Every structure is written in C-alpha cells, then in structure tokens.
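What TrEMBL says about this one:
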SIGNAL    1-25  signal peptide
DOMAIN    10-217  domain 'GH16'
ACT_SITE  Glu103  active site, nucleophile
ACT_SITE  Glu107  active site, proton donor
CARBOHYD  Asn111  N-linked glycosylation site
Amino acid sequence: MANFDILCLAFWISLVIFHSSLVEGSLLKSMHFSWGTQQSRFLGDGDEATLILDEVSGSGIQSNESFLYGSFEMLIKLVPENSAGTVTAYYLSSTGAWDKHDEIDFEFLGNVSGQPYIIHTNIYTQGGGGREQQFYPWFDPTADYHNYTIHWTPSRVVWYVDSIPIRVFKNYQSEGIPYPNKRAMRVHASIWNADSWATRGGLDKIDWSNAPFVARLRHFRERACKYMGPQSIRQCGAPTPANWWSSVAYTQLSDDKLTKLNWVRNNHMIYDYCKDLRKYKGLMPGECFMPQR
C-alpha cells in the first residue's frame with residue numbers, strides 16, 4: 001500500500017476512534033458519589049440522584065471521565081424553603097496544581113424562606129478566579145426541575161438556564177487573557193455547608209432543625225470530547241465535522257439567543273465583577289473591556 005494510502009487510512013481510523021469518545025450517558029452510568037455517601041443515592045433507573053446535607057456532612061458526585069470541550073446539562077431541583085447557608089453546585093473542574101486550575105461554575109446560594117435564590121457563576125483559568133456574576137432566577141428553582149447547561153468550546157464558555165444564555169466568557173487568549181483550553185475537566189455536583197458566606201455574606205446561618213437539606217438531580221447528559229491524554233488537546237479542538245463545538249455555528253450566539261442574553265442581564269443580574277471598581281481599585285481585568293456575547 002502506498003504511503004499516502006496508509007496515511008489516509010490512519011487518519012480515518014483516528015477519526016472513528018475519536019468520534020467514539022463523544023458520549024451521552026445517565027447519572028448512574030456516567031457519575032459516582034465521591035464523598036458524603038452515607039445518605040445520598042441514585043434513584044429509579046439510575047438517571048436520578050439526591051444530594052443531601054446534614055450536620056454530619058454534605059455530599060457530591062463526579063463524572064467517571066474527564067472531558068475537553070462539549071455541552072454538559074443537568075436537571076436540578078434545589079433545596080426548598082429555608083435553605084440559608086447551603087450551596088448546591090454544578091460545575092466542571094480540572095485536577096492537579098492549583099496555580100494551573102481551571103473551573104467553570106454554577107453555584108446556587110441558599111435563601112431564607114420568601115427570599116430568592118442566587119445563581120452564582122464563576123470561571124477559573126490557570127489558577128485565577130474571582131470572575132463572579134450573579135443573577136436572581138425568574139422562576140422558583142425549588143418547585144420543579146430546571147435545566148442548567150455549561151457549553152464549553154474553543155471559542156467561548158456559555159452558561160444556560162432552561163436554554164436561555166445568561167453569561168458568555170469568550171476566548172481572548174490572543175490578547176493575553178487566559179482561557180481554559182489545555183486541561184481536561186470532570187463534571188461535579190455537590191451540596192455543602194457554606195454559611196460563613198453564602199447567604200447575605202454569612203449573616204444568615206443554617207437552621208439545622210430543617211435538616212436534612214435535599215437537592216435533586218436528573219437527566220445528566222454530556223455531549224463532549226472524552227479526554228484520552230495530551231493528544232486530546234489537539235484532537236478535541238480540531239475543526240473537524242466530528243467536533244460540532246468547533247463549527248462556525250458555535251462561534252457566536254444567534255440573534256434570538258443574544259436577545260435572551262440581554263434580557264437576563266438587564267433584568268436579573270445583581271452582581272458583575274467587571275463593574276466592581278472597589279474590588280479591583282480601578283484596574284479591571286482585561287476581559288472586562290472585551291465584547292462578551
């Protein structure tokens with residue numbers, strides 16, 4: 001066989017192998033409890049789970065695999081009534097040295113009964129965080145399940161709530177702004193005691209008479225590139241048909257999604273680190289001067 005034919009065959013075999021790393025799974029098949037397992041459990045056919053916080057411990061689950069780019073969605077029903085001091089989280093996180101840490105967060109800060117939850121978002125790149133943006137939900141997140149999706153591509157990260165984009169963080173690495181594109185991340189969900197800061201800056205503490213606090217998860221789906229080693233940095237980011245997240249369609253939001261993004265940010269955003277002049281003493285992060293849409 002000619003060298004050219006061998007190279008072509010090797011290329012198509014690699015595509016088939018790589019394509020097989022695009023996965024869709026259920027909670028039971030895709031994740032495992034990593035801490036606080038004494039009460040939390042998978043339910044039914046394995047596509048539901050409970051996360052429980054009591055006076056002994058919180059609990060958490062994480063994905064069996066690590067990924068580099070993709071779409072990660074979970075249906076979550078938050079702790080009802082007085083959840084002050086509790087935090088339920090859904091996030092992607094890398095492992096290894098903290099000074100190289102990458103993380104993409106949804107955190108749901110508990111409330112005193114009658115007050116709204118806070119949807120807290122953050123992103124860490126190469127160990128640097130502090131990029132918080134917060135929103136009040138336009139619905140009751142405890143009355144039913146809602147879809148929370150992290151969409152991570154080579155060009156941007158988008159946080160979605162019920163298919164509505166609430167935040168965008170674009171890749172401006174060419175401008176010297178770090179972006180998470182070198183380290184694989186696992187998917188996590190957890191609940192824990194954060195009453196030192198979570199509700200009104202720590203003024204409202206957990207009322208343990210309401211324990212246990214239960215958050216419910218359902219229908220976890222990842223359409224993502226499974227990390228297979230250093231070669232995945234190139235493979236997962238390559239603009240090939242198998243890598244749908246690298247296509248032109250995902251390099252910008254549609255007009256409809258832009259309209260929804262602006263609606264959320266104009267009506268439901270309550271904190272933006274890019275407007276916190278006191279925090280940065282006027283020396284704002286570089287991405288704050290760039291379009292994020």
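Every residue gets a Cβ built from N, Cα and C, even glycine.
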Neighbouring C-beta atoms (10 Å sphere around the C-beta of Glu107 (active site, proton donor)): 19
Cβ contacts of the residue listed as 'N-linked glycosylation site' (under 8 Å, same chain, 6 or more positions away): Asn82, Ser83, Ala84, Tyr117, Ile118, Thr199
For Glu103 (active site, nucleophile), nearby residues of its own chain (Cβ under 8 Å, 6 or more apart in sequence): Tyr91, Leu92, Ser93, Ser94, Asn122, Ile123, Tyr124, Gly129, Pro180, Met185
Overall pLDDT for the domain 'GH16' (10-217), taken as the rounded mean: 91
